[in-house]
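Structure first, then comments.
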Amino acid sequence: MISERDSETTFEEDSQPNDEVMPYSDDETEDELESRQPAAEPGQHRTGRDAEESREPVRKDCSWQVKANDEPFYQQPQFKRTVFLCFKKSKYAGNAIKTYKYNPITFLPLNLFEQFKRAANFYFLVLLILQSIPQITTLSWYTTLVPLLLVLGITAVKDLVDDIARHRMDNEVNNRMCEVIRDGRFKNTKWKDIKVGDIIRLKKNTFVPADILLLSSSEPNSLCYVETAELDGETNLKFKMALEVTHRHLQEESAMADFNGLIECEEPNNRLDKFAGTLFWRNTMYSLDADKILLRGCKIRNTDFCHGLVIFAGADTKIMKNSGKTRFKRTKIDSLMNYMVYTIFVVLILLSAGLAIGHTYWEQQIGNLSWYLYDAQDFSPPYRGFLNFWGYIIVLNTMVPISLYVSVEVIRLGQSYFINWDLQMYYPEKDTAAKARTTTLNEQLGQIHYIFSDKTGTLTQNIMTFKKCCINGQRYGDCRDGAGQLQSHPEQVDFSWNMYADGKFSFCDHYLIEQIKSGKDPEIQKFFFLLAICHTVMVDTSDGQLNYQAASPDEGALVTAARNFGYVFLSRTQNTITLSEMGTERTYDVLAILDFNSDRKRMSVIVRESGGNIRLYCKGADTVIYERLHPRNPKREATEEALDIFASETLRTLCLCYRDISHDEFEAWNKKCVEASVATTNRDEALDKVYEEIEQNLILLGATAIEDKLQDGVPETISRLSKADIKIWVLTGDKKETAENIGFSCELLTDETTICYGED
């Protein structure tokens, strides 16, 4: 992706996803998801300015429009939708959310409807109706009504308690406070009163109340750090960046109140990583993407305050679109009990039918001839048999176990408390016990046959540590003294010579430190320079200390390692990056950032160095880097051997490389890149193709090896699950050799396991 994020193009989907039927999948083709992209807007870098000059007209087919600070705008007829007959309401949802099932009016009918889905309850309802018919009743109606009401009442009370908890949670969320522009000033307002088009101010450690466009923040370049744990489970901080124009002009309260920008964007959908829109302000269009959007559920971190414009509110937010409707769930035990009751009911019908047929035969043979059995009713024997059929249904009702449902509910409740009280599931370090949020949890857990798990952060601690590296074919990271001789007793390297060392970094290879200090090997200098400059890490300073905020823990580990080895990332703007190289501070122009993604498996930066030379630095997986190396790379085999050794030690590896670019080549490539960045169709494919052109004939520098330790108890847990005949699949992006060795270390693979490779 071009380094100037404001120049990114956006797209409009042909159709919105059906959240109920087919959630959005990244496996869908981009052709299906993208129908157009507005032209790029002025960015912070030179490439962005070129993009502005070559801007194409935007097709105005975005149906969702948001105007800042203009409530009458949303009352226009085109923004109304018919809800019933001639009654209309705004298509823009309010910000109040609702996760509960019932309200005081709907509780009784909905709960009864749900309970009568159970076969036994429905049977006893039919039985009660039959008992109210004098001609066929054999028992008093209240003998069925009392136990039925008891069963329905107990279940209803349980459902009511669960739903009251949901109401309380909704009320707590809806009544949170937030500062919103009202009458030209920021005033405290409840979340539920926030509307689309409002401008809000969020402070540090507060949750984002709606999906908002970031306008400005207290950080340089209007960066905003957010934690997305409630959206994707990731605790690593991610950063968002406002448009340069809003960062420059929307800092003061009065400017916020006067802001009248119009946003045209996609309709509300459930795609957390996608957003396509355009801001129209001051006769200029600015392209918007997901990097400028703060989603509801995010938490503001390391940012004193930020301002945003509400785009989607309440039920239209992406997190609510992903939650779907609250469904009535039936467990397999419920289904089994229903099946048992159906079977018993069939037996009951057959038995009652047999008895009714027998009664009809008896009436014909004996009943009609016995004067003392005459009941003053002149019914025919078949009719008497028909009435007795229903009578037998009533008499034999004890065959259907209505109390079974109550017993199961009590058992479920007890088992949920056993889970809460289980000391083996208590985590003393954080004083956290297991919490069964549903009474049916235990029976659901008992029916699991397969477990599909991610590796990083699930089986591992997600704490990355730089352990070893290979530079110019030479491996470093073993315990050696300054002369390169192996040590029998590990001795930690003293980093006191480096004023920026973080004090937590542990390394035992004194020989590498001596090589860095001597400055005799330019390849080592390039290696750590690449680690310090080729990344998307952000930095903030507190109490004189540098704190790195990385979207990926791998990047954070590599930048921290470079920092301790003397190549320190100090700061960045939207088009420069500042480093301290062995105590000498230098600033470099960042001409472009070619972002990492799961298809490319690599990222690159193009920088202009102090002498005016342009150089591309790249890091990525060995499989993609080796395909793009220059034919003459003498250290290729030695590096490949080192990668195999690192993989056998379950370390995560990356290859580092670079290439020099002439000014003419860069200018020609940059022109193609600008054209691809404003493409109206297949933009991603066009950019990938352009990136591919420049990432060729690379010179291999070496490889890094990072350790991500397994969490405590992983091997024992997997072993016990395997003994329970649960099949476990673990997904990882590691090399084949690394994945295989980790599989053995966590006991997912054993010596008896037959390993199948995809290429076979």
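Cβ coordinates are placed from backbone N, Cα and C, and glycine is handled just like the others.
Remember, it's a predicted structure, so these values are computed and weren't measured experimentally.
Taken straight from TrEMBL:
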REGION    1-61  region 'Disordered'
DOMAIN    81-145  domain 'P-type ATPase N-terminal'
TRANSMEM  119-136  transmembrane segment
TRANSMEM  339-362  transmembrane segment
TRANSMEM  389-408  transmembrane segment
BINDING   D454, K455, T456, E555, F596, K619, R652, T732, G733, D734  ATP binding site
BINDING   D454, T456  Mg(2+) binding site
ACT_SITE  D454  active site, 4-aspartylphosphate intermediate
Residues D454, K455, T456, E555, F596, K619, R652, T732, G733, D734 [recorded ATP binders]: greatest CA to CA distance in Å: 23
Outside the transmembrane segment (339-362), six or more residues from its ends: residues with CB under 8 Å to it: 118-120, 123, 381-382, 384-386, 388-390, 392-393, 396, 399-401
Contacting positions for the transmembrane segment (119-136) when only residues 6+ beyond its ends and CB under 8 Å are counted: 143-145, 147-148, 151-152, 337-338, 341-342, 345, 387-388, 390-391, 393-394, 397, 400-402, 404-405
Residue numbers, six or more beyond the limits of the transmembrane segment (389-408), whose CB comes under 8 Å of its CB atoms: 118, 120-121, 123-124, 127, 130-131, 133, 136-139, 144, 147-148, 150-151, 154-155, 333, 337, 341, 344-345, 347-349, 351-353, 355-356
Summary of DSSP states over the domain 'P-type ATPase N-terminal' (81-145), given as helix, strand and coil counts: 26 helix, 8 strand, 31 coil
Cβ neighbours of G733 (ATP binding site) where a neighbour is any other Cβ within 10 Å: 13
Cβ neighbours within the same chain of D454 (ATP binding site) - under 8 Å, at least six residues apart: V730, L731, T732
